[in-house]
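> Next up is a structure, given as structure tokens.
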């Protein structure tokens with residue numbers, strides 16, 4: 001299709017840009033007091049253009065690609081971006097509603113009715129093309145009739161998508177129309193729409209608002225008037241010289257799902273300009289991420305990037321909302337900085353060879369700056385004033401050990417009980433002797449960075465260092481001297497080193513089984529990434545080994561507790577808050593079964609791809625607190641407590657090392 005045709009790519013892009021701008025501005029204007037109700041027409045006309053182009057575009061795509069990868073494209077282009085917006089909006093929801101969140105994620109009466117509606121049209125189109133190809137036109141027409149009897153927003157747009165589909169089916173005939181014919185038909189269409197617009201304003205007709213008849217009248221207004229926008233770039237080519245519309249057309253979907261978040265913030269004309277600018281800037285960056293998401297070679301990288309931003313963004317929301325009512329600006333700005341950093345790394349993957357010789361020096365400089373910064377932050381805060389007692393849950397049991405007292409009888413500086421397992425206590429003895437167990441975070445951070453260097457060189461290690469520098473989660477963990485992230489820095493480094501030297505469970509089942517037993521004696525949640533990594537090899541072993549290996553793992557794990565059992569078994573197991581009960585306290589049988597099922601599925605589907613294996617580790621480590629806390633909030637009905645002290649959402653920090661592993665190595669092959 002040439003650029004001279006009425007529905008050329010350049011023309012439809014212009015239409016989308018104009019429509020997106022109209023929808024955003026009208027939605028903002030509607031938030032003002034005493035706004036003119038007449039402006040509503042511009043919003044609904046623009047929506048009609050969107051639906052028309054969607055119907056046209058999806059059928060044009062079908063002519064080239066058929067039905068192949070239909071839902072994959074919709075999932076990547078429409079669903080994931082919308083889910084991202086819904087989830088990133090949660091910290092700003094005044095009254096959290098789990099039912100509404102479920103509706104948003106399933107696109108059933110979600111906050112974005114247009115997305116719900118277009119997905120329904122996609123579904124009907126796919127069904128008709130997949131099973132009733134010859135009757136597609138009739139099925140879409142019948143679905144249009146069905147929509148006439150739905151809510152007003154659906155009813156007044158009942159045939160917009162269908163007409164776009166028809167335009168694609170008869171595009172050859174449309175392309176033969178000259179400007180004179182197009183101008184005539186457009187003029188008649190607009191006159192037709194205006195007539196029904198005037199009919200709608202008759203007082204008698206206004207009294208039947210909400211009825212089927214009223215909706216039919218609206219149906220005869222929106223799309224006919226939309227023809228003026230659809231025909232405009234063809235009739236007046238100079239309009240396409242206004243570059244802003246073409247640029248907005250490229251981000252039209254992102255602009256639609258982004259701008260609605262700012263609608264409650266509109267207070268006047270100036271705020272409309274401010275939040276329009278915010279919406280456009282965010283949409284440009286968001287569009288670029290979505291483009292990467294659609295590329296096969298960057299899918300894992302971009303999906304992990306969204307998760308990484310989400311982890312950092314969540315923690316920023318939790319603590320910034322405690323110090324300022326303007327936390328929204330801080331959190332959104334922070335998320336944009338992270339997104340720009342990830343886009344920079346993605347586009348600058350290939351560096352000129354002439355700078356490679358400087359990479360070791362740059363690596364040394366960045367890691368040195370990071371270490372110095374972390375040390376300054378850690379020693380700036382008095383640990384005894386921390387409201388987090390993970391450091392004292394290590395230091396005080398070790399102190400007891402050196403004093404000849406049972407380690408788990410020690411209380412933390414906040415009066416809590418110690419939960420770290422024996423191997424993790426032993427690991428921290430050198431740092432205790434240095435009078436700061438919190439140094440383990442910095443030490444394990446450097447080990448992790450070095451594992452990235454071994455895995456893919458200095459450039460990847462520099463990326464990892466910068467991503468760690470950008471992560472508020474690391475700075476928080478170091479400031480409060482929490483050992484959580486240390487555990488997973490070390491685990492991620494261990495898995496990276498196995499990848500470097502190609503050590504797998506099939507070749508070394510016994511030594512790795514011993515390692516698993518020792519790892520379990522640091523923190524039980526490490527079992528999930530290890531299971532994903534080793535289980536595919538385990539099931540290929542002979543039956544005898546399959547029986548002996550679990551026994552060996554359990555035996556090694558038990559042996560680490562043997563000295564403590566012999567010392568004081570009653571104190572170890574009998575105390576109400578013993579280390580086992582503390583590590584299991586957030587779980588439930590249902591949540592555990594669900595997590596085990598997901599982990600088993602993941603372990604059987606990564607199929608030798610290192611990127612997928614690490615991505616699965618990111619996801620499962622996020623799901624552990626999400627499912628556990630979600631179940632608890634469902635039982636107690638305290639959904640709004642997620643950002644207060646009742647729930648320690650810093651458990652999501654465990655996924656950071658694995659996410660950064662992927663983000664440092666966007667082109668790593670399995």
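Each position is counted from 1, following the chain as shown.
In case you wondered, yes, glycine gets a Cβ from its N, Cα and C as well.
What TrEMBL says about a protein is an automatic prediction, not a curated fact.
Taken from TrEMBL, the feature transmembrane segment covers 12-29, 35-54, 105-126, 138-154, 182-200, 212-236, 262-286, 327-346, 429-450, 510-535, 547-567, 618-637 (among others). The domain 'Acyltransferase 3' annotation in TrEMBL covers 14-285.
Just tell me what is around each of these and how deep it sits.
Taken together, the residues of the domain 'Acyltransferase 3' (14-285) have an average pLDDT of 92.
Long-range contacts of the transmembrane segment (35-54) within the same chain: residues 12, 15-16, 18-20, 22-23, 26-27, 29, 114, 117-118, 121, 156-157, 160-161, 163-164, 167, 197, 218, 221-223, 225-226, 229-230, 252, 256, each at least 6 residues beyond the stretch ends and with a Cβ under 8 Å from a Cβ of the stretch.
Packing against the transmembrane segment (138-154) from elsewhere in the chain are residues 113, 117, 121, 124-125, 127-128, 132, 161-162, 165, 210, 212, 214-216, 218-219: each is 6 or more residues past its ends and has a CB under 8 Å from a CB in it.
The list of residues near the transmembrane segment (327-346) in space but at least 6 beyond its ends in sequence, with Cβ under 8 angstroms from a Cβ of it, reads 88, 91-92, 278, 281-282, 285-286, 288-289, 292, 298, 301-302, 305, 308-309, 312-313, 316-317, 320-321, 463, 466-467, 470, 472, 663, 666.
Long-range contacts of the transmembrane segment (429-450) within the same chain, counting only residues at least 6 positions beyond its ends with a Cβ under 8 Å from a Cβ of the stretch, are 367, 370-371, 374-375, 378, 383, 391, 394-395, 398-399, 461, 464-465, 468, 474, 477-478, 481-483, 485-487, 489-490, 492-493, 496, 657.
Using a Cβ-Cβ cut-off under 8 Å and counting only residues 6 or more beyond its ends in the same chain, the transmembrane segment (510-535) has close neighbours at 420-424, 427, 487-488, 490-491, 494-495, 498, 503, 549, 552-557, 559-561, 583-584, 595, 599-600, 602-604, 606, 613, 616-617, 620-621, 624, 654, 658.
Proximity of distant same-chain residues to the transmembrane segment (618-637), defined by a Cβ-Cβ separation under 8 Å and at least 6 residues beyond the stretch ends, is recorded for 98, 304, 307, 311, 488, 525, 528-529, 532, 586-588, 590-591, 594-595, 598-599, 602, 647-649, 651-652, 654-655, 658-659, 662.
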> For the transmembrane segment (262-286), which partner among 12-29, 105-126, 182-200, 212-236 gives the most CB pairs under 8 Å?
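So the stretch in question is 12-29.
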> Short question: which residues 6 or more past the ends of the transmembrane segment (12-29) have a Cβ under 8 Å from it?
35, 39-40, 42-43, 45-47, 49-50, 53, 56-57, 229-230, 232-233, 239-240, 244-252, 255-256, 259-260, 262-263, 266, 271-272, 275-276, 279
> Under 8 Å between C-beta atoms and at least six residues away from its ends: which parts of the chain pack against the transmembrane segment (182-200)?
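Residues 6, 41, 206, 214, 217-218, 220-225, 227-228, 231, 234-235 contact the transmembrane segment (182-200) from elsewhere in the chain.
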> What else in the chain is close to the transmembrane segment (547-567), if you only count residues 6 or more beyond its ends and a Cβ gap under 8 Å?
406-408, 421-423, 509-510, 513-514, 516-518, 520-521, 538, 541
